[in-house]
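One structure below.
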Amino acid sequence: MSETTWLVVPAAGQGKRMGAEIPKQYLTLQGTPILALTLQRLYAALPDARLVLCLDTQDHWFAPSWVPFEHWQRVPGGTERMDSVLNALQTLNAAEDDLVLVHDVARPCVAVEDLKAVEKAARDNTSGALLAMPVADTMKRAAASGSIAHTESRESLWHALTPQGFRYGPLRRALEHARAHATQVTDEASALEAMGEFPQLISGRRDNIKVTHPDDLALASAILNAQKHAYI
Ligand SMILES: Nc1ccn([C@@H]2O[C@H](COP(=O)(O)OP(=O)(O)OP(=O)(O)O)[C@@H](O)[C@H]2O)c(=O)n1
Ligand SMILES: C[C@](O)(CO)[C@H](O)COP(=O)(O)O
């Protein structure tokens, strides 16, 4: 029997940095809501996965017709991203060794080839795996005044992206541990690291941006345009 792969998509954010009138996942790029675009990419790579979508309880923009997956459910989001993901994990009926991939709704440009690569790596690595990209710029640590305190070495420094994939049991226990210790983690890998695990970094494409600020919209739109016909 083949293993179940779960896709947890945290989509309960408010998009404060975007500053739009509606949550950023409902803004459109080339006429399609970001949430629908992200789900299309995930479906193109992992059509048999079971989707768990974290939505704010006050959300009145979501349309079920945007979900291409056969098996899916919605769960209430939490206060922070990690709370949304943990709510999803505590709701779904998964087995200890089921694979769980977590992907931000705000990353609609993720490539199908990268999704497949991280799924395979997460399956092959006992500590799990995540998409990431090596830092390309010179890194400065700022002082309180806004001037440079010092230059950080960028050697071995990576940006963490999503998706991030782990076995269900260790991931759930790691996030429950973080919550019990009132530790805010901004990605799943951090929670696993705190449990002594060493998730595998998988070098991903640089165009897997997280739509966060207003000027990311034009960038994401240009990326999607350039990717047309290449991934789905
Ligand atoms: N309580 C929260 C907060 C965030 N997210 C999700 O986590 C992802 C990454 O978060 P971010 O880009 O920070 O989104 P927002 O929280 O919406 O943005 P902001 O911090 O600017 O408000 C997004 O897909 C967002 O919808 C979530 O599901 N639940
Ligand atoms: C998980 C994440 O996308 C990795 O880059 C990121 O940490 C989530 O964004 P946030 O702004 O910290 O919620």
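One is the number of the first residue shown, and numbering goes on along the chain from there.
Every residue gets a Cβ built from N, Cα and C, even glycine.
TrEMBL does not curate its annotations; it predicts them automatically.
Summarising the annotation, TrEMBL assigns site 'Transition state stabilizer' to ARG17, LYS24. Taken from TrEMBL, the feature site 'Positions MEP for the nucleophilic attack' covers ARG154, LYS210.
Feature map: annotations from TrEMBL on the structure.
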| residue | record | Cβ neighbours (10 Å) |
| --- | --- | --- |
| ARG17 | site 'Transition state stabilizer' | 13 |
| LYS24 | site 'Transition state stabilizer' | 25 |
| ARG154 | site 'Positions MEP for the nucleophilic attack' | 13 |
| LYS210 | site 'Positions MEP for the nucleophilic attack' | 17 |
Got a sec? Which of ARG17, ARG154, LYS210, the recorded sites, have CB under 6 Å of any ligand 1 atom? ARG17, LYS210
Listed recorded sites LYS24, ARG154, LYS210, filtered to Cα within 10 Å of ARG17 (site 'Transition state stabilizer'): LYS24
Relative to ligand 2, which of the recorded sites ARG17, LYS24, ARG154 have a Cβ found under 6 Å from one of its atoms? none
